[in-house]
Structure formats: structure tokens, C-alpha cells
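*Asks:* Questions regarding the structure given below will be posed in turn.
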Amino acid sequence: MSFGAASFVCRTTRTVGLVLFYYVFSIGITFYNKWLMKGFHFPLFMTLVHLAVIFCLSALTRSILQLWTGKPRVVLKWAVYFRKVAPTAMATALDIGLSNWSFLFITISLYTMTKSSAVLFILLFSLIFKLEEPNPFLILVVLLISSGLFMFTFHSTQFNMEGFVMVLLAAFIGGIRWTLTQLLMQKAELGLQNPIDAMYHLQPLMFLGLFPLFLYNEALNLSMSEKLFRVTELRHLLYSLLMLTVGGLLAFGLGFSEFLLVSKTSSLTLSISGIFKEVCTLLLAASLMGDQLSMLNWLGFAVCLCGISLHVGLKTFYSKSKSCFF
């Protein structure tokens, strides 16, 4: 085997390995949260525990990196922290909180399909913040994704309006979230290009932003629940805490695996692998969770994927055109 062929095989193997690593956490946390919600009906408290675990692991990772490199990690001043990071943290907290909350009401397949519509809102806010240039093909992208979503939810046997509205609202807020995240990480003066540093700074404000909603909606019921505060046996308490912590580890692993995939390959690889991840999630939901999907639902999913694929293709084409021009 020539050196060029060996190098290609090595790069391909590494890329496939990173994609599978990302799939384990991305698909794993979706099914894990849905499974956990069957017996633990406190999604906002679960999200708060996840945020605490992510913060602790981010702080630990930063300390290890600082010892390894000998260079101090970035720590933002309070004024900059609240002014620049707070909007992104609030949007991220609501996106994740509503997404986890929706698992009480809807199936994984409906969640996956509806969450895919976040591309529409990311596109909308990217145009508003001038991160994306308008072009006529974007109209086709919007039509494909929105019509695919309509076909998927039309006459769905397992449709729940409350859960659907929650995920749709989460997708809308997710559009704001990822647009603000992009702006935050592109500001070189903040020094948050490394997602570990970004996660470390985001988690405390996300926790504070979601905590009032938890107090209003879940605190009283949780205080009277035998899952935690009124537990009769210590092993039941330890089991609940362990299950919540495992979800936090998966959430941290998802962020870390996304960073690895983008840094070692490209954002295009993440986008394309995300499309196939949706397919895998729906197939697993139908086979493992018993989600019922009609032919019209599958057709709607295919139409939606075409819209997402077109959007990824357009971004690739225009980015290459710009690089060739400059």
C-alpha cells in the first residue's frame, strides 16, 4: 500500500471513529433522557443536575489542560460575563430545558423530527444577524423543511400538542441559541473559542436562568416525591442520583465529542453526520421504543432531510466560492 493510500485509510478510519463517538453520546442521551422520564417526572431538575455535572467536568478539564500546557485558562470579568455570555446562556438553558420537558409528552420520533426544524430558525436568525447571505435557494430549503414537518405530524397516531409546542418552541429558541453561540465563539477578544471554556462559563448562568422555572413548576412536587427528598431507603436515593449523574456525563460527552469532530475534521462533517444521525434515531425509535410511523410520516421525514441536506450543500458551495475568490 502506498503512503498516500495509507494516509487516506488512516484519515477515513479516524473520521468514522469520531462520528461514531459523537453518535454514541448524541443518540444515547436522547434515548436515555426519554427512558429516565418514564419513572422520573422532573425534567427541569434533571436538567439542573446535568448543568452542575457539566460545570464540574469542564472545571476539571480546564485544570488538567492548564497543568498540561502551563498556560492559564481564560476567565472573563464579571461585567463582560453578564453582558456577553448571559443572552447565550439564557437561550441555551430554555432550549435544553424545554427539550427535556417535552419527553414527558411525546415520542422520540416526533421529538427528533420537530427538533430538526431548528435549522429553519438558525437560518432565520443567521440572516437577521448577517451571519448568512440571502439567496433564492433558501426559500426552497424553508419550503422543504416546513412541508416535511407538516407531513410528519399530519394524522400522527402518537401526536401530542403540548409536547409538540414545547419542542417547536425549543427549536425556535435553539435558533437564537446557536446564532448567539456562534457570535460568542467568534469574538476572539473573549477567548472562548475552545468549547470547554465556553461550557465552563455558560453553565452557571444557565443554572440560574432555569432555576426559577424549576421552583415554579417542580420544586413543590419534588419535595414531596419519594424519588429524592421523601425517600425511604438510602439505596433508592443513591440510585436516583446516579441515574441523573449518568445523564450529565452523557451531556458533557456530547459537547466534547462535537468539539473533537469539528476540530479534527470540519463543521461540514458534523452537519452531514447530523443528518444520518436523525435517520438512525428514527429507525431505533421505531424498533426499540415502538414508535408508530406511517408511510406519510416517513415521506415527510425524507422531504425534511432533503431540505437540511440542501442547506448543508449550499453552505459548502458558498464557503468554497468565497475561499476561491479571496
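The backbone N, Cα and C atoms fix where each Cβ goes, glycine too.
Residues annotated as transmembrane segment in TrEMBL: 12-32, 44-65, 103-125, 137-157, 163-180, 200-217, 237-256, 295-314. Here TrEMBL flags 17-310 as domain 'Sugar phosphate transporter'.
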*Asks:* Against which stretches of its own chain does the transmembrane segment (12-32) lie, if we need a Cβ under 8 Å and a gap of at least six residues from its ends?
*Replies:* 108, 111-112, 246-247, 250-251, 253-254, 256-258, 260-261, 264-265, 269-270, 273, 277, 280-281, 284-285, 288-289
*Asks:* Please tell me whether the transmembrane segment (163-180) and the transmembrane segment (103-125) touch - that is, whether there are at least 3 C-beta pairs under 8 Å between them, with each pair 6 or more apart in sequence.
*Replies:* yes
*Asks:* Check for me, if you would, whether the transmembrane segment (237-256) reaches the transmembrane segment (103-125) - at least 3 Cβ pairs under 8 Å, residues 6 or more apart in sequence.
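*Replies:* Counting Cβ pairs under 8 Å (6 or more apart in sequence), the transmembrane segment (237-256) does not reach the transmembrane segment (103-125), since there are fewer than 3.
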*Asks:* Among the recorded stretches 103-125, 200-217, 295-314, which has the greatest number of Cβ pairs closer than 8 Å to the transmembrane segment (44-65)?
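*Replies:* Checked against 103-125, 200-217, 295-314; highest Cβ contact count belongs to 200-217.
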*Asks:* I'm checking region-level scores; what's the whole-number mean pLDDT for the domain 'Sugar phosphate transporter' (17-310)?
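*Replies:* Summarising the domain 'Sugar phosphate transporter' (17-310) by its mean pLDDT gives 83.
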